[in-house]
Amino acid sequence: MRKQSVFDRQSIVVLSLLAATAVLVPVLNVSVPPGSPFHVSDHLIPLLGKYLSFALLALSVDLIWGFCGILSLGHGAFFALGGYAMGMYLMRQIGPRGVYADPILPDFMVFLNWKELPWFWHGFDWFPFAALMALAVPGCLAFVFGWLAFRSRVTGVYLSIITQAMTFALMLAFFRNDMGFGGNNGLTDFKDILGLPIQSGFTRIVLFVLSAAALAGGYMLCRWVVNSKLGKVLVAIRDAESRTRFLGYRVENYKLAVFTLSAMLAGVAGALYVPQVGIINPGEFAPANSIEAVVWVAVGGRGTLAGAILGALVVNAGKTWFTGALPEFWLFVLGGLFVFVTLLMPRGILGAAKDLWEQGKRVRSGLRRDAVPFAAE
Amino acid sequence: MTEPVTPTLLYLDNVTVSFDGFKALNALSLALDHTEMRAIIGPNGAGKTTMMDVITGKTRPNQGTVLFEGKHDLTSLDEAEIAELGIGRKFQTPTVFDMHSIEDNLLLALKGERGPFSALLSRHTNQESERIDALLERVRLTAHRQRRAGELSHGQKQWLEIGMLLAQEPKLLLVDEPAAGMTDQETADTADLLRDIAKTRSVVVVEHDMTFVRELDVKVTCLHEGSVLAEGPLDAVSANERVIEVYLGR
């Protein structure tokens, strides 16, 4: 039996690129003077950090969709919940510096004439608690949701639809002021994180490097899962669910475990996203966001992990460029991209690149074989 | 051992399954001994596959008793529990994990822990490799060990699936049309393989191919409209007037 190492060629490439990015981007920002073409400007750092957190979200989608066939169209919900947990911490850090200068209550609560902090806001002034909640809340929701759905054997498009309904329901709920999460406006006007001013260049570099580290960690975790026997069972479930059942595997437990893990990864991604963009509002629960995450994975190459990262980076870079240059066309491009990839590159960029590479290898070795008799003459 | 030793491994009594009024099984009764091989024949819609679904927990009967080893009530267990009791099932169309190597297909089927966490932490042991080697030998796929299962021929997939059943070390194998789509030689080899398996385990074979059933040379049960029409040696069953009328044709 060939032992599959977690540190194979793909992992080494991914980790080296991430490490290089984490070092190079800050260096080019700090050490290269602004006039130079190699300078990375200040506003680019949180933008790139945002891409990295999206890549982590894409990774979490690929883990369940690419390897277990669970197409979640509601993963943005877990991302947003992780983001809200972080946002609540950041709100509590504002303290008396808010517009209404209430030492405890965030501005929106004062505005709503609330007299005291709702029970679920307690503890969020302590960073470790907020960090734990960024994992636990998405994890618990995924566990309860998955337990109900997988035990009732909801699969395929039906599952996709109810995940979509879940994120939509959460969006509507979070829009309400009574929910206690800032309603329509969400949470914003953050001042500092762990005592560091959130707008400062140094904090942004730290957040960027942390995002790269979290992505690398998430990638290795997913690699470990998919390379283990657990990963083999997941693929077995994806390809022949009832066969797996008749072999004695309790399919629902496997799905539940991986779905919960995936939701927690998405939560971490959301928690890293919020301090870098400076706001979290119910729009993050919008079904379109979840669908976009699926498109990233499809574009990069489903079931490859590295492809999910690549897809998230490429599509988001394209989105930034397009929404700047031709804003009204972006949604058409996104839709067109999905159709194009599905029809012509079903295995995504990574799959297409692999095919090209193998074709090239065959051509090259063919040439060499042809060349031999010629050389012998 | 205090376990009661009963002569019957599998006991079905008065089992009825109806789908929207249509009785797929109609008061079916059947008993199977330890290390017995039984061939089930019967026309399409006779209830052969439904019977397998009931035994493996895929379908719940509306009424009746299904006992395994005299003590396990199969009607109250799910597929995974039934598989762990020692009942393996081969589907009518060969169902293997196409994207996995032959070796991994067998690895996943090997008897052992089935939970997600033990799977995450499991390490491949030498014992497992030896078992896989032996199974590959038995289903003649040693040379293909690293190939993807999806690349195998139809007959090879059938054999791989039988190998996966054996890897589970079941007490009872339910085999649905193992000879479908096979060449004459492959069919004869499959009959040999099943006869060999039946030396140590019980086997139920559902089959349409009468030549194959004859080669198996075992007790035959003919189903019709969800209940047993005739049972006994093949010659007796195939001489039965009703069997000729509904199934074999005149």
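Positions of Cβ are set from backbone N, Cα and C atoms, glycine also.
Please treat TrEMBL annotations as automatic predictions, because they have not gone through curation.
According to TrEMBL, the transmembrane segment annotation covers A:12-32 (among others). Using a Cβ-Cβ cut-off under 8 Å and counting only residues 6 or more beyond its ends in the same chain, the transmembrane segment (A:12-32) has close neighbours at 38-42, 44-45, 48, 201, 205, 208-209, 212-213, 215-216, 219-220, 305-306, 309.
Taken from TrEMBL, the feature transmembrane segment covers A:52-85 (among others). Same-chain residues lying 6+ beyond the ends of the transmembrane segment (A:52-85) with a Cβ under 8 Å from its Cβ atoms: 124, 130-131, 133-135, 137-138, 141-142, 156-157, 159-161, 163-167, 170, 174, 181, 187, 208, 211-212, 214-215, 218-219, 222, 225-226, 231, 234-235, 237-239, 241, 254-255, 258-259, 261-274, 276, 280, 282, 284-287, 289-291, 293-294, 296-297, 300, 302-305, 307-309, 311-313, 316.
Among the features that TrEMBL reports, transmembrane segment is placed at A:126-150 (among others).
TrEMBL lists A:157-175 (among others) with the feature transmembrane segment. Beyond its flanks by at least six residues, the transmembrane segment (A:157-175) meets 70-77, 80-81, 84, 145, 149, 181, 183-184, 186, 281-283, 285-287, 290 of its own chain at Cβ-Cβ distances under 8 Å.
Under the heading transmembrane segment, TrEMBL lists A:201-222 (among others). Using a Cβ-Cβ cut-off under 8 Å and counting only residues 6 or more beyond its ends in the same chain, the transmembrane segment (A:201-222) has close neighbours at 6, 11, 14-15, 18-19, 21-22, 25-26, 29-30, 42, 45-46, 48-49, 52-53, 55-56, 59-60, 62-63, 192-193, 261, 265, 268-269, 272, 275-276, 305-306, 309.
Under the heading transmembrane segment, TrEMBL lists A:253-274 (among others). Within the chain, the transmembrane segment (A:253-274) has long-range Cβ neighbours (under 8 A, six or more residues past its boundaries) at 49-50, 52-54, 56-57, 59-61, 63-64, 67-68, 70, 72, 75, 78-87, 90, 131, 134-135, 137-139, 141-143, 146-147, 150, 187, 207, 210-211, 214, 218, 221-222, 225, 230, 233-234, 237, 280, 284.
The transmembrane segment annotation in TrEMBL covers A:294-317 (among others).
Annotation source TrEMBL lists transmembrane segment at A:329-349 (among others).
A contact between the transmembrane segment (A:294-317) and the transmembrane segment (A:126-150) is absent, since fewer than 3 of their C-beta pairs, 6 or more residues apart, lie under 8 Å.
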